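Okay, so here's the structure we're looking at.
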There are 2 protein chains.
Amino acid sequence: MIQPPALKQGDSVGIVAPARKIDSMLIDTAKAMLESWGLKVEIGQHIFVDDHSYFSASDEKRIHDFQTFLNAEHIRAIICARGGYGSTRIIDRLDFSNFLQRPKWITGYSDITALHLMLQSIQVQSMHSTVPALFTKPDADLSVAYLKNMLFGERPTIQVKADEKNRLGLANGRLIGGNLSLLVDSLGTSSEIDTSGKILIIEDVGEHYYRLDRMMVQLRRSNKLKNLSGLVAGYFTDIKESVLPFNETVKDIILNHTKEYNFPVAFNFPIGHEEPNLPFVEGANAMLVVNEQEASLSYKKELINP
Amino acid sequence: MIQPPALKQGDSVGIVAPARKIDSMLIDTAKAMLESWGLKVEIGQHIFVDDHSYFSASDEKRIHDFQTFLNAEHIRAIICARGGYGSTRIIDRLDFSNFLQRPKWITGYSDITALHLMLQSIQVQSMHSTVPALFTKPDADLSVAYLKNMLFGERPTIQVKADEKNRLGLANGRLIGGNLSLLVDSLGTSSEIDTSGKILIIEDVGEHYYRLDRMMVQLRRSNKLKNLSGLVAGYFTDIKESVLPFNETVKDIILNHTKEYNFPVAFNFPIGHEEPNLPFVEGANAMLVVNEQEASLSYKKELINP
């Protein structure tokens, strides 16, 4: 697994928008913030062109901007401006050959999970993290501070108080995951999630309980749960009832579809569509400890590349 | 491909509820209707037990009822009472060995698409059709009449007026499909849809445009579109905008993600979550003709079993 080099003061980064349309004010603020970290910031050429009602720009223009930063030797990280929907329309048309010669960090979450899975399929680590569109959200400080520290090479442990529904245990494995809908959306494709021996992190927003259940069933039926090393549940935000109440909590749904396995399960990790949304490194070697007092996710030193 | 025998007067059929909870009044009416066709009707033992807030009964009880009718030699068709959600929770735990010795028709749509795909994976034809919960819906007469005729062995052609967005052509192949969400939900699983050389029928209800787009992208990315013989779009009902308008019609979304292929595409087929919802036989050999005047879907004589 290739680990892109940590950022240094004076490095250049590029902001792209591979998914939903974005607000230019938010990007201006995010740019100033990244500059305050000592970075030079370039903005994708077409991120404000407004030639599609939903996407930040047409597929061709979003591909152009992303490809430009993938190829540009001086760009040391690609910061995805926001999620929404749209990454899967373009990921198969990106050419990662230059990028593989000089890997760089790619950051984002939610719809950007699709990109992380594509990067996992080519064995390059990436950074699941908050996005520029949310840098100025109230209470985003911690998420942004963690992102900065991690881009500059730190690997802080995430510790959370024990949840009574946690399943205790110890897991070692590479981290993978993100938005549950996008994980399921990868099934059958060239960037299908490979969970074997890994610590899987899941979060979601705005889904119905029955859909959440259906997605967990699909993961189980596609054998993506049975060989996990561990499971970490982040935030499940605004989960809704449908015509009939489902009357099962998110935790119970997750436990129900993993009850035949023995790996540890930890809830309430600060990852997802709420603050703080702390970053994690997709593809990094990590250890999950779930005991009576707490659950913690910590990074191991990488001995070799890959 | 195994074709279950047509029903005859005096045959017994069983009503089960593998998914959402059902209204007993509607089942009473449907039972009377099936009896008026000269059939004997048995009702699954647990379909009204009410031990789950959403499903008609617990997984174990739904499995019990379905398995009982799969095994019962005298039951010549299994009529699924309604969709909703729930079939994927039980299909892997059904034992089809007795059924394969004496195949029988299984009917339903929407969530029941999951069952149809499971039956396709074991090479048995089944009947995508309206459900007892909707037999008394206003304007359901045609859907119900077609279901009766087809269960008793008729294979009527479906003809619809040409839509200006249709892509003209001729396709031959076995029919497969149903609810788009459930087709995508099969990816990566043991009942993954096999579309190669087939005529694919899709319909959906209550989705957002961006989700519909995402599902079409997943089908394309999983190579389920490129080898189609033809594509038939039924009803796409109550398709909704999200935070930002998507500004593409359902037809344009479908055409966009199939534009690199040459198979015919026909819109407005009376199949899905509106009336009439005409049945089609999953796994049957059919011909799709799409010309300037009309589109028609007709059955071919099956020469051999399987």
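The first residue you see is number 1, and the count goes up from there.
Cβ atoms here come from the backbone N, Cα and C positions, even for glycine.
Among the features that TrEMBL reports, domain 'LD-carboxypeptidase N-terminal' is placed at A:13-128.
A:Ser110 (active site, nucleophile) counts 28 other C-beta atoms within 10 Å of its own C-beta, drawing on all protein chains shown. Taken from TrEMBL, the feature active site, nucleophile applies to A:Ser110.
DSSP places the residues of the domain 'LD-carboxypeptidase C-terminal' (A:172-287) in helix, strand and coil in these numbers: 26 helix, 33 strand, 57 coil. Here TrEMBL flags A:172-287 as domain 'LD-carboxypeptidase C-terminal'.
Annotation source TrEMBL lists active site, charge relay system at A:Glu203 (among others). Here the Cβ of A:Glu203 (active site, charge relay system) has 26 other Cβ atoms within 10 Å, regardless of which shown protein chain they belong to.
In the shown protein chains, 19 other C-beta atoms lie within 10 A of the C-beta of A:His273 (active site, charge relay system). Per TrEMBL, the feature active site, charge relay system maps to A:His273 (among others).
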Local confidence of the prediction over the domain 'LD-carboxypeptidase N-terminal' (A:13-128), expressed as mean pLDDT: 98
Where A:Ser110 (active site, nucleophile) falls in three-state DSSP terms: helix
Tally of residues which DSSP labels helix, strand or coil - the domain 'LD-carboxypeptidase N-terminal' (A:13-128): 49 helix, 24 strand, 43 coil
